[in-house]
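What TrEMBL records for this protein:
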ACT_SITE  His151  active site, pros-phosphohistidine intermediate
BINDING   Lys42, Phe90, Arg118, Thr124, Arg138, Asn148  ATP binding site
DOMAIN    34-174  domain 'Nucleoside diphosphate kinase-like'
SIGNAL    1-31  signal peptide
Amino acid sequence: MAGATSPESGAFVSRWLPPLLLLLFLSGCEAVEREMTLAMIKPDGLSGNYTEKIKTAILGSGFHIVKEIQVQLDAEKASLFYAEHSGRSFFDSLIKYITSGPVLAMVLEKPDAIAQWRALIGPTDARKAKTSYPNSIRAMCGLDSEKNCVHGSDSLESAAREISFFFGDASLETVEHDEL
């Protein structure tokens, strides 16, 4: 009878097919490395009561919030955090702004976290975000390029330094980046 199988062949298939399919599936999948980044809700985000909306956007985008801490930065700590901008004309204004109220620092984790977080927050200038990236966090709660509600690390090196700044466990060397 065509298409019939013997009990022996049926037992072989039922025993070996699941592990073979699993092996084939796993051999075609690469391990997805999770990455961490620093996310910071700045004073205008906290005082504007955007914290829960921002956290909802974070979690809705598949991030895991690993750690968080709310702190009030003084001028010395803020100057250390933004040291790469110390020679720029906006530095004093930036320090005054970031020390105007508490910030909420969070460690976010997911595959490609740095790029994914930066995409979610939108351009540095919230005015541009409102027109070009209307669904971004900065469009939702930012005002301009300084008061833009949130911060995001721009590289693995920056993320390591910035996470260490708030949570410890790494060097505090200055890494050049363009993100406020």
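Cβ from N, Cα, C; glycine included.
Thr124 (ATP binding site) sits 9 Å from the residue listed as 'active site, pros-phosphohistidine intermediate', taking the C-alpha atoms as the reference points.
Summarised as a single figure, the pLDDT of the domain 'Nucleoside diphosphate kinase-like' (34-174) averages 94. Within the group of recorded positions (Arg118, Arg138, His151), the Cβ with the highest number of other Cβ atoms inside 10 Å belongs to Arg138. Between the two most distant C-alpha atoms of the annotated ATP binders (Lys42, Phe90, Arg118, Thr124, Arg138, Asn148) there are 22 Å.
Counting other CB atoms no more than 10 Å from each candidate's CB, the binding-site residues Lys42, Phe90, Thr124, Asn148 peak at Asn148. DSSP assignment over the domain 'Nucleoside diphosphate kinase-like' (34-174) gives 66 helix, 28 strand, 47 coil.
Distance between Cα atoms for Lys42 (ATP binding site) and His151 (active site, pros-phosphohistidine intermediate): 7 Å, as a whole number.
The distance from the Cα of Arg138 (ATP binding site) to the Cα of His151 (active site, pros-phosphohistidine intermediate) comes to 10 Å. Rounded to a whole value, the Cα-Cα separation of Arg118 (ATP binding site) and the residue listed as 'active site, pros-phosphohistidine intermediate' is 9 Å. Between the CA atoms of His151 (active site, pros-phosphohistidine intermediate) and Phe90 (ATP binding site) there is a gap of 16 Å, rounded to the nearest whole number.
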